[in-house]
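Beneath this line is the structure, given in structure tokens, with notes to follow.
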């Protein structure tokens with residue numbers, strides 16, 4: 001199912017959406033934060049999807065618990081370190097971990113730039129202990145408005161040498177991409193690549209805007225592109241990568257079932273598409289789960305799954321020499 005001669009990557013993976021249940025428990029107790037349960041076992045349903053839950057509101061509440069326990073910068077560093085460990089232990093060769101410093105900072109009023117530094121330090125520490133390649137993507141959380149995104153951008157750009165790209169995430173309908181054109185001009189001027197969450201809650205116009213105005217070369221989710229034949233043609237022709245997260249799309253009710261997921265439609269149209277976990281801590285999944293689902297529910301053949309693996313490497317924010325090194329390590 002997973003081809004061991006091809007690098008296994010996860011490109012759409014939120015660091016702040018992957019906090020271990022026991023870490024939430026320990027940090028909550030360490031910092032005197034009231035948790036919604038009185039044991040580790042009973043905490044799990046409050047912070048992870050159980051069974052067939054498919055509610056965006058419930059999903060976001062679980063996600064909020066993951067940052068609610070980030071009471072100091074040591075907690076942030078620990079979570080970053082554990083993200084590297086989890087990526088390595090799940091069999092990944094390469095992962096791009098994205099994070100929103102504003103979202104991580106806001107509960108306990110941590111300094112935004114301090115959060116960025118703690119994430120970088122935690123990742124560096126993890127890379128000393130685990131064999132996996134990691135790059136970081138900064139997120140601007142549009143839901144908090146333009147001014148908050150400016151703060152976030154400045155904290156991230158102060159450490160741009162540790163980032164490969166910037167992302168725009170959050171409330172796509174309430175805060176459309178055009179509100180952030182100036183922010184992304186600064187990102188382009190800084191020489192960083194751009195990905196954006198688009199076509200998830202909003203229609204294809206959101207994706208056009210992200211590509212043509214923000215400068216995105218990859219799109220997170222993008223499920224609504226399938227309703228716009230011209231966009232599908234454009235995506236295929238220009239090799240705009242779709243970071244697809246099927247289980248997350250089900251959990252957030254972006255799609256009502258795996259059978260309705262448009263992954264196959266993208267593949268048949270020749271669009272560059274990869275499999276990713278999104279918020280693996282909330283969804284209680286790893287990358288191998290997504291490949292199992294792609295085979296059993298999305299009906300992809302082993303040859304198609306191998307192509308999806310290759311797509312991920314092609315889409316990755318890596319230099320050609322780094323890509324070759326990933327392949328060489330699998331030989």
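Just so you know, glycine gets a Cβ as well, placed from its N, Cα and C.
According to Swiss-Prot, the Zn(2+) binding site annotation covers 12, 14, 197, 278. For 14, 16, 170, 279, the entry in Swiss-Prot reads substrate binding site. Under the heading active site, proton donor, Swiss-Prot lists 200, citing sequence analysis as support. Annotated site 'Important for catalytic activity' per Swiss-Prot: 221, in sequence order.
Spatial neighbours are here defined as Cα atoms within 10 angstroms of one another, and by that definition the neighbours of the residue listed as 'active site, proton donor' among the recorded positions 12, 14, 16, 221, 278, 279 are 221. Counted within 10 Å of its Cβ, the other Cβ atoms near residue 170 (substrate binding site) come to 19, all protein chains included. On a Cα basis, residue 221 (site 'Important for catalytic activity') lies 9 Å away from residue 12 (Zn(2+) binding site).
Fewest Cβ neighbours within 10 Å among the recorded positions 16, 200, 278, 279: that distinction goes to 200.
If you take the Cα of residue 221 (site 'Important for catalytic activity') and the Cα of residue 197 (Zn(2+) binding site), they are about 6 angstrom apart, rounded to a whole number. In this structure, residue 16 (substrate binding site) is part of a helix by DSSP.
Cα of residue 14 (Zn(2+) binding site) to Cα of residue 170 (substrate binding site): a distance of 12 Å. Those same-chain residues not listed among 14, 16, 170, 279 yet with C-beta within 8 angstroms of the centroid of the substrate site C-beta atoms are 15, 17, 63, 98, 99, 100, 103, 139, 169, 278. Residue 278 (Zn(2+) binding site) and residue 16 (substrate binding site) have their C-alpha atoms 10 Å apart, to the nearest angstrom. Neighbour list (residue 197 (Zn(2+) binding site), Cβ cut-off 8 Å, at least 6 residues apart, same chain): 167, 168, 169, 170, 172, 219, 220, 221. Cβ contacts within 10 Å of residue 221 (site 'Important for catalytic activity'), excluding its own Cβ and spanning all protein chains shown: 26. Counting every protein chain shown, the Cβ of residue 12 (Zn(2+) binding site) has 29 other Cβ atoms within 10 Å. Among 14, 16, 170, 279, the residues given in the record as binding substrate, the maximal Cα to Cα distance rounds to 13 Å. Same-chain residues that are not part of 12, 14, 197, 278 yet have a Cβ within 8 Å of the Cβ center of the Zn(2+) site turn out to be 13, 17, 98, 167, 169, 220, 221, 243, 245, 248, 276, 279. Counting every protein chain shown, the number of other Cβ atoms lying within 10 Å of the Cβ of residue 14 (Zn(2+) binding site) is 28.
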